[in-house]
Ligand code: AP5
Ligand code: MG
């Protein structure tokens, strides 16, 4: 399956993607995680991305689209993928449509995670991620690690993302409403959007997402 996950910052895209990718045997491709890996490896791409991410803005399409396409072209994504955080504006969505069409492929679904803004703020405020791999995600209250500040998956140190400061979160939410939400209409016109509530326990949301993707009522 080829799936796009969409939803505001802190909706639980990364958290759900980890479970859905496992259940569906497809790779989880997060442009945010790819940028954070470049930042920790201090690449030129990482230095450029950091200046935009720290301000809560989108990294320019010129670099983002190429990076996402390179990742999707890797062997493990041949039979499908779960995109998290890409596309994030209409021009990225159009670039993805074109790239898939050129390969004779298409998306199967766009899963839209709905969460009220006050819940998103609570989720982001308590989020801690791993220094070794930013796809290892915890929450101080909702998904605490077994040992404080230590990653359950790999033993890495947990920390708070630099763009999770309150004023940056507000900016990211504005950018989401202005630039990312329009992709939902873009994909509704293609009949691809399934919307679910992302409230409730992590495993309940995963169940709801799996049912929705299997075409059952969620
Ligand atoms: P990115 O890393 O994609 O961040 P985001 O979209 O803002 O989303 P988040 O990662 O903040 O939230 P999430 O939905 O993944 O939530 P999570 O699962 O962690 O992007 C960061 C930046 O990179 C962007 O601002 C931009 O600068 C740049 N960028 C990335 N892609 C780009 C693109 N395509 N174009 C241009 N720029 C791009 O969950 C949040 C917390 O809630 C966690 O602590 C988790 O444990 C907890 N939680 C999850 N589910 C539940 C639940 N059901 N109940 C209780 N707690 C829960
Ligand atoms: Mg994420």
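Using the three backbone atoms N, Cα and C, a Cβ is placed for every residue, glycine included.
All annotation found in TrEMBL is predicted automatically rather than curated by experts.
Remember, it's a predicted structure, so these values are computed and weren't measured experimentally.
On the 0 to 100 pLDDT scale, the domain 'Guanylate kinase-like' (1-214) averages 96 in the predicted structure. TrEMBL lists 1-214 with the feature domain 'Guanylate kinase-like'.
What TrEMBL lists as ATP binding site is 10, 11, 12, 13, 14, 15, 127, 137, 138, 200. When secondary structure is read from DSSP and collapsed to three states, residue 10 (ATP binding site) falls in the coil class. In the structure as shown, the Cβ atom of residue 10 (ATP binding site) sits within 10 Å of 26 other Cβ atoms.
According to TrEMBL, the feature region 'NMP' maps to 30-59.
According to TrEMBL, the feature AMP binding site maps to 31, 36, 57, 58, 59, 85, 86, 87, 88, 92, 161, 172. Long-range C-beta contacts of residue 86 (AMP binding site), restricted to its own chain and to partners at least six residues apart, with a cutoff below 8 Å, comprise 4, 29, 30, 31, 64, 68, 92, 96. The DSSP secondary structure for residue 86 (AMP binding site) is coil.
Cβ-based neighbour count (10 Å, all protein chains) for residue 12 (ATP binding site) stands at 25. On the backbone, the CA of residue 57 (AMP binding site) and the CA of residue 127 (ATP binding site) stand 20 Å apart. Take 31, 36, 57, 58, 59, 85, 86, 87, 88, 92, 161, 172, the residues named in the record as contacts for AMP: the widest Cα to Cα gap among them comes to 25 Å.
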